[in-house]
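According to TrEMBL:
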MOD_RES   Lys34  N6-(pyridoxal phosphate)lysine
ACT_SITE  Lys34  active site, proton acceptor
BINDING   Arg132, Met303  substrate binding site
DOMAIN    234-356  domain 'Alanine racemase C-terminal'
ACT_SITE  Tyr255  active site, proton acceptor
Amino acid sequence: MRQATVYIDSEALQYNLNRVKQLAPTAKIVSMVKANAYGHGVKDCLAALANTDAFGVACLEEALEIRELGYQQPITLIEGIFSAEEMQIVIDQNIEIVVHHQQQLDWLRAQKDAYIAKNLKIWVKLNSGMNRLGFKVDEIIDVIHQLKADGFNCVLAMHFANADADNHPLNEQQKQQFLHVKEACAPILASCCNSAAIFKWPELNFDFVRPGIMLYGASPFADKTVEDLDIQPVMTFTAEIIALNTIQAGESVGYGSTFIADKETELAIVSIGYGDGYPRAFFKQNYVAINGQKVPVVGRVAMDMIAIDVTDLNAQLGTQVELWGKHRLVDDVAEANGTIGYELLCRLSNRPIRKKP
Ligand SMILES: *Cc1c(COP(=O)(O)O)cnc(C)c1O
């Protein structure tokens, strides 16, 4: 059987959840498990995150999957509902929603009593300059006052556009607007921290923090490693060597013959490719790890296979190759690919087998 495999380290996930608790001891933790738990597989991750206070997802389908698996914690739909029909389902299933525009407020008001009777909080989104979702600072105060007058329990919510960047001027603007609205609507619950903000601004942890990428052990910062942050990679993505070829100087490997050996070279063919979600385009030398040792990928990544240079290594058929994990960090593969760890994790296909270690 083809052995492209994703292993999920539940202990690493628990370790990272504890890191959130250390960094934000007084806040409740809304663990972000959208996009199939950032590609890790929601089922295994929910079990490991059993101690979280709540979950955050991007849509109703993702929330219902959590309920079907039997988890009863609060769930927040971070983009709210997408149609009026979804309102009844969120009430029945005890799912909390974000409201970020007038139409969603109308849908909510139409079922006001049922929503409030379930003790569900309503998350009201401030647009403080990211300009994706939310009410502007001059409208949200009225929106919240009205919701409170109607008897809703509100959470003021906001998302930073540049929490990963030092000294971006928008950070200060977003903070100031958030604090202004929080003050004007006091008393009100508040939530504005994703992973990067949890690390950077402990003073903004407030009532709920919303960690995503740090739970999975990848860095939200381009200039800080998981070691710097004391978090542990959760996913190990591996495949096996399925062929060995010795090529001579002047010979090439793979599509386009982009790698041409300059000396006798021992190549190993590994059963992984972009059909599994391994990225194809690299503008820096990319590596895999074998027994913790860095091994260069050579030639083009194909749909099902890559070639690696195992000259002077004792590689054999069946030798396990780590594409990313604890030795070859997903953040480093992403950097060589011109993207971020988030994307590589989320865009894994469903072809790799998923196993517990
Ligand atoms: C995805 C998401 C998060 C988590 O962000 P990370 O950078 O992965 O920690 C937090 N809040 C909202 C609203 C999100 O959409």
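Note: Cβ is positioned from N, Cα and C throughout, glycine not excepted.
Cα spacing between Arg132 (substrate binding site) and the residue listed as 'N6-(pyridoxal phosphate)lysine': 18 Å, rounded to the nearest whole number.
Residue counts for the domain 'Alanine racemase C-terminal' (234-356) under DSSP (helix as H, G, I; strand as E, B; rest coil) come to 19 helix, 45 strand, 59 coil. Cα to Cα, Lys34 (N6-(pyridoxal phosphate)lysine) and Tyr255 (active site, proton acceptor) are separated by 36 Å. Straight-line distance linking the Cα atoms of Met303 (substrate binding site) and Tyr255 (active site, proton acceptor), rounded to a whole number, equals 11 Å.
Reduced to three states, the DSSP call for Arg132 (substrate binding site) is coil. The recorded positions examined here are Lys34, Arg132; by Cβ neighbour count within 10 Å, the least packed of them is Arg132.
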